[in-house]
Structure formats: C-alpha cells, structure tokens
Amino acid sequence: MAQVDSQDRWGEASPLSSLTEEAHDTQMLSMNLESDDEDGGEAEKEGTADPVACPRGSSPVTHENPDLPWPHPLGKEEEKFSDSSSAGGMGQKPVEMSGKASWSRDVTKINETQGSPGASRALGSLPSGLAHKLLGQMQPLGDRLPAGDDGYSGANQDAVLDVPPSFPSNGKYLCAHKSVDTSAGNSSLLCFPRPGSNWDLPTQETHTPAQASATPASLAAAVLAKARNSRKVQNQAGRREGGEAEARPYRCLRGGRAFQKPSKPLSPAETRGGAAKRYACELCGKAYSHRGTLQQHRRLHTGERPYQCSFCDKAYTWSSDHRKHIRTHTGEKPYPCPDCGKAFVRSSDLRKHQRNMHSNNKPFPCSECGLTFNKPLSLLRHQRTHLGAKPFRCPACDREFAVASRMVEHQRVHSGERPFPCPTCGKCFTKSSNLSEHQTLHTGQRPFKCADCGVAFAQPSRLVRHQRIHTGERPFPCTQCGQAFARSSTLKRHQQIHSGEKGFLCAECGRAFRIASELAQHIRMHNGERPYQCEDCGQAFTRSNHLQRHRAKHGTCKKEPIPSSSDE
C-alpha cells in the first residue's frame, strides 16, 4: 500500500467526502427523528436526560478535538450527520469508567430504532441507495455484511483481522468518532463498513498514543505487510513441506535426511573406512561412498565406453581394462612368475598360473574317481564327465559340450577363425593352449619333468597325462560299454563309435568326420598346407604322424612328442 498524505486522503480519496454531498439529504432524516421524540431531544440539549432512557443513547460528538492525529475537514453539516447516524444506527450507550468512556453493544436498541415509525418514514423518503447504506450501518458490528450490488456475498476469510480502527479510511470502511475523553491524547474512532464490501468487521481497539503518532497510511502499510509476509511464509512452508513429503517420502531415522527411494539399513560391510555409502544408483540401488565411483558405475547401465584403444577399435568402460589391453599390443608383461619365470599381462593371470601350475594344494576331490582340483569350477567340469551332462549345444552341428569354453573353441572350426597366431612363424591356432604348446618347439623350454622317467613337457597337463602311463589310471570311462580311457579326447572319439555321429563336415567335398582334428587334417589336403617339416631334409607333411614315420627312416632323427590339437 502506497504512503498517502493525510490531507489527500481526507480531500479526494476519502469515502467520507463522497457522503458529504448526501449530508444535505440527511437533514430531513435528523429532523424527523427529533420531531418523533422532541422531549428526548430537549433533555439531550440540556444534558439532564437519562442516558439509559435516551432513544438514541449517544452523547454529542465533537470534531474539533486538538488531540486527534489528523485535522477533520468536515463542517457542521457533517456533525449533524454524525449525530443522527450515531443516534439512529449505533444504539449504544456510554458506561461510566475511570478516565474514559467505554461502549457496549445493545442489539435490542438497534432493533427498536430500526422498527420505529419515524425511522421507517424517514428512510422511505430517502433514495434507495442512501437508505441501503444507512441500513447497512445500523447492523450490529458482529454480523456479516450483506451482499453488494455485484452480488458477491462471501466474506473474505483471508482479511486482515488486526487492522486498527483508528485510521480514517482504507477504501472499505467509513470512520467516525465514537467518543472524546476528557484526558489529553485519548481518542477513539469507530469504523463503519461499506455495504457490499467483502471484508470482515475488525475488532474494536482503543487508539493508543503510540498509534496517534503514526500516520494512517503507515499503520495500514505495516499491518498489511505483516499479514502478507505471514501468509507468504505459511504458503512457502506448506509448499516446501508438501513438496518434500511428496518428492522424498523416506527419512533416515538417525540422520534425518530424506530420500526418494527406500533402502535397507547400512550394515558395517556396506561402509568403507567408516564413511557411509550415501550415493545410490537410481537404476539398481547399489550404493557407493564417493560420487565419482557412482558415475563410473552408471556406465554399466548406459553402455558408455570412453576409453578407446589407439591400436585397434576396441573400447573399454574402465581405465584399468584399457591399460591391460594396451599391453597386448606393446608386449609388456610386468607380472613374472617367481617359480618358472613366465611373465603375464595381468596379475590375475599370474595368480591363476601359480595356483594351477605350482601349487600342490587341491582341496576339492572328486567323489567318483578321487581326483583332486584346486578350485570348485574345475571340479564341476570334471564331474560332468562322470555324469555325462553336456548343457552346451553347438547351433551348427548340434554337438554338445560340458563346458561353454569348449563350445566356443568348437565353433571356430565351423567359422575357420584362428585368433591365436605364433609370433615366430606366423602359424595360427584356434586355442591358446595349442599356441603355447607350439611355441615350445621354437624355444625348446620344457620345465615340467616326469619324476619316474625324466621326460620333460612344456605344459603341466601333458605331464599329468604322461604320469597316467606309470600309474595305469584311466579316469574317463564310457557310460555305454564301460571302457575307460586315460584321456578325455580318447573317450570322445570312442563315444562317437556308439552314436555314429560325424558332426564335422568338409565345406569343399562334404565329407564328415567325428572329431575336429580329423577335419583339420583333411582340409590341408584341399589347400595344400604342410605344417610339419623335417629339420634334416626339409620335407613337409600334412600330419604329424607322417613326419614321425619319416624321421624313423633317418637314423639321426629323434622322435619327439608332437602336440595334438584335439587333446585337452
């Protein structure tokens, strides 16, 4: 509300000034009321009338009090209007109190005044608009206002109830003096509501000296600002509480923080270094202690691979995997085995090598044959040989496998893929184990020796199979005829005799073979490949057994074990 000078408020914008023009019409009303009760009027002028018996029940009001906070611009005609309106409309009587006069409502007097014949005749001679206003002023202060000309009858429930009635006008009320105390600095005003206004009536208050020193505009501005701020704070608090309750309905019982999704309580295992895992994934609910770790975890859901290899087209999610992959191009192997000196690209590969090759700790024995293994997965694979379970089927030839990796290696036979090349001679292999065995031909390194005969082998699996010759162990029996074999590959060949299965077809001539090694040897006849060459004369052969027979002809040739691609 803008600050307005008190003189301007009483001059142009005051609602009392709009009624000044109608004050001449109200003289007839006051004369009629005085003629109906002439005796009461004379007693009132002489000051001897009983205050209780006075039909108007009001003392004369003086507008020339110098203690008022603003000058009154109205003349004697307004005084007449004030006397008549207060006498006919208020129906109140003064009560003797110490120092000042107080007022009490008398609804019976108001009803009697409204129903008097003189008042009815006087109101009937007035215009309808003015009579409507006077009747609105004669209602008790506690009643709700009637509907205005615009038909709006609902009272504004958000009206400011603590607006002091001491300032003259705010566009909704008409103010008139109630009484003037004999003591200096004490005065009070009565606010008459305008008919048709949608404001609730304010409570009557006594005008204090502190209020008298302030201007009406400043008082109204302060009150409205206070109410506006209080409603604003309440609305913001309600929206904040309601929005938070709707968006974050789950609250921690210990810390008081609110969350969008429920989660189980944190256990000691879910904290690292005493720090709670506060950053939870929105998709799977997994929590982390640091925001950066959560951002890296989100790549698993989005499929983002920001680490691109500069040598090939492969990309990786984690920087550690990217560094390990780079070592395959550079040939770096920073993890050597302390027992045999073999180096590895990954530390996990070194641990696996030490566990499989150099460790004698094999706590997982097979209940069927007693063979021990160093990890439960190896035991599970071995037990499938006894049970005959082969859950992995090749989609090309319907061949079944007990291990998924064996099926992947088998599918390379159909596709012709050989992803493991020899860095020395360039020969490619379908299995990494076959490449390792082939590389021993170039290096001559055979670190695994038999304790019985002293024969050395490049792979520990070769040593294990060789030791079965001395022990006579045959751990792979046939489920149909009961015949046992020392090697699993030999058992597979034998089982194909019973089934008659030949799942390996030659793409050139259509000939079928039972095992992949036979198909590989057959394909060499079509492409002319001769990978087995005699070191003495340089003659090459398609099969390793042909090379062995050729060496037998040379007296100086030594018979060396040739690795077979079909053996495990």
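We count from 1, first residue shown onward.
Glycine is treated like the rest: Cβ placed from N, Cα and C.
What Swiss-Prot says about this one:
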- 1-11: compositional bias 'Basic and acidic residues' (COMPBIAS)
- 1-106: region 'Disordered' (REGION)
- 548-568: region 'Disordered' (REGION)
- 279-301: zinc finger (ZN_FING)
- 307-329: zinc finger (ZN_FING)
- 335-358: zinc finger (ZN_FING)
- 364-386: zinc finger (ZN_FING)
- 392-414: zinc finger (ZN_FING)
- 420-442: zinc finger (ZN_FING)
- 448-470: zinc finger (ZN_FING)
- 476-498: zinc finger (ZN_FING)
- 504-526: zinc finger (ZN_FING)
- 532-554: zinc finger (ZN_FING)
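Long-range Cβ contacts of the zinc finger (364-386) within its own chain (Cβ-Cβ under 8 Å, at least 6 residues beyond either end) map to 355-356, 402-403, 475-476, 488, 491.
Contact count against the zinc finger (420-442) (Cβ pairs under 8 Å) is highest for 448-470, out of 392-414, 448-470, 476-498. Summarised as a single figure, the pLDDT of the zinc finger (392-414) averages 85.
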